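A.B. asks: Below are the structure tokens for one structure; questions will follow.
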Amino acid sequence: MGTETEVEERSRKGGLRTMPFIIVNESFERVASYGLQMNMIIYLMTFYHMSAATGTSILGIWTALSNGLAIVGAIISDSYLGRFKAVAVGSISTLTGMIILWLTAMIPQLKSSPCSQLQHVCNGPTALQLTVLFSSFGFMSLGAGFVRPCSIIFGADQLKKKENPENQRLIDSYFNWYYASIGISTIFAVTIIVYIQDRYGWQVGFGIPVILMFLSVSMFLIGSPLYIKVKAKESLLIGLLQVVVAAFRKRITSLPLTYCGDYYHWPLGSEFLAPSNDFRCLNRACIIQDPQRDLNPDGSASNPWKLCSLEQVESLKALIRVLPMWSTGFMIFVAMSQSFSVLQTRTMDRHMFPRFEIPAASFSVFMVIALTIWITFYDRVLVPLLSKYTGRPRGLSPVIRMGIGLMISCMSMALSAITESIRRQRAIEERHEDDPSALLNMSAMWFVPQYALLGVAEAAHAVGQIEFFYSLLPKSMSSIASAMYTIGTAVASLVGSFLVSGVDWLSSTRGKTSWLSSNINKGHLDYYFWLLVFLSSLNFYFLVVCRFHEPGNDGSSRLSHEAEEGECDFRLLPES
């Protein structure tokens, strides 16, 4: 009776009527977050007197935290809070961080003192001022870590109904609309929000995102009575950690020489009947040493931190196999996340029309436009043509598309280096070497091609990488396949932050002007971009790696190990 009531109550909740609350929540969160990030380097340099290198490093760490905490948010959501509470807590945390940041613009005491015009000395920020600033970044990172991995799946929860199998088509449509809303939000953030900041100042420019985030939280909470709220359960990531712990605890256990069903723990209906031969040390995690002690009467593991299922072991192995290919995207993300292009375009003529000037931080919109155009062109034009010749339904294999993305990324950074060299030479010729804020007689439209190339590089590599993950990882790890892209951007942001700090320190030794000097007319940003070209070219080591993965990128790597007939061989392999 209670079950029937629960099913009836569930049928009255969820559905399309919940979509406006969820999509508006995510869209406003993206607009508010991205709208703050684009111009932040200018805010840090102006009101906290940070150097360009220091500000860029801090923003890199902020971005890394925002993306990296997604894995923490996913684990806490799956295991403890549930997705509704995770999104609600994350949204409120983001709003708190934005309010604190807005207060730094409203209250003069929360910013550094203005530079002395007589002595030309700038007082750095105090410990209290930095604490307030970094606390705002921390709250926003924590909020993004909860909202971004949980919001899209929470929306899908509202449309999943077992009694209506045809609902899958509706879910597919929801994903399309969800990602479309993210694209529109990003464009809105890098254009309208940035324009407001440039035109009306930081108090209004930070206040608008606060209002949008308040509406985001309000809309999400208003829809609470309508939501299907799936209860928390054990996270898949916890299961992978259990494999590592169990394998370590049984590290002295010998491995069987051949397959025997009595040795391994695998549930009924499992697609794996025996472990694969690679990473054999992990096979110990699913070895049954004593059935009476290791198994419950129903066949489940009595201690999951000492005995794992065969599927858990194979899932972890699949994750390890894709890590080399996952690392090939780091330098593309480093190139995308660097903030020096904002300092470059500030010194140039940004007029598209006589009375319309593009904000310096809004030039990244050309990257988003190029990304959207390429994805549409590839999906609607190239795929039907290429599929006839390659025999693949998606035209080119994911690995080839990743390679194309890496190659175009190198071209983009090389073009950036050439363009910066021309811009710097023009600044010297016009005698602006000591004035980094002087406007040059040079159009900022020179930067559009490199932004467009970077957008195409991201579209080719990122989409190919995600498809590669989906093809190589088991279906039970689909959420991790999606999350790995976000985690990759987090690692790349951290790498970029350390790279900027290292280059700034090394290039400024012995009293020399740093390549990444706040006065970009004296520095050598072109040298830094050439360094990125070199480091990006090193990513082509993935061509060697892909020789081991190419045969399985269509999904054939998901092997089921069939039981062999005959008696078990209980001889043991060495303990190595």
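Residue numbering: from 1, along the chain as shown.
Keep in mind that glycine also has a Cβ here, set from the backbone N, Cα and C atoms.
Copying in the features that TrEMBL gives for the protein in this structure:
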type	residues	note
TRANSMEM	40-65	transmembrane segment
TRANSMEM	86-107	transmembrane segment
TRANSMEM	127-156	transmembrane segment
TRANSMEM	177-196	transmembrane segment
TRANSMEM	202-223	transmembrane segment
TRANSMEM	358-378	transmembrane segment
TRANSMEM	398-418	transmembrane segment
TRANSMEM	483-507	transmembrane segment
TRANSMEM	527-548	transmembrane segment
A.B. asks: As a test: from 127-156, 398-418, 483-507, pick the stretch that has the greatest number of Cβ pairs under 8 Å with the transmembrane segment (40-65).
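C.D. replies: Maximum Cβ contact count belongs to 483-507.
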A.B. asks: Between the transmembrane segment (127-156) and the transmembrane segment (202-223), do 3 or more CB pairs sit under 8 angstroms, pairs being 6 or more residues apart?
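C.D. replies: Judged by the Cβ rule, the two regions do not touch, with the required three close pairs absent.
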A.B. asks: Sequence-remote contacts (6 or more beyond its ends) of the transmembrane segment (177-196), Cβ cut-off under 8 Å?
C.D. replies: 19, 23, 26-28, 30-36, 38-39, 152, 155, 204-205, 208-209, 359, 361-362, 364-365, 368-369, 372
A.B. asks: Sort out the residues at least 6 away from either end of the transmembrane segment (127-156), same chain, that have Cβ-Cβ distances under 8 Å to it, and list them.
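C.D. replies: Same-chain contacts beyond the ends: 18-19, 22-23, 25-26, 29, 33, 36, 48, 58, 62, 65-74, 76-77, 83-84, 86-87, 89-98, 100-101, 103-104, 110-112, 171, 174-175, 178, 227, 479, 483, 486.
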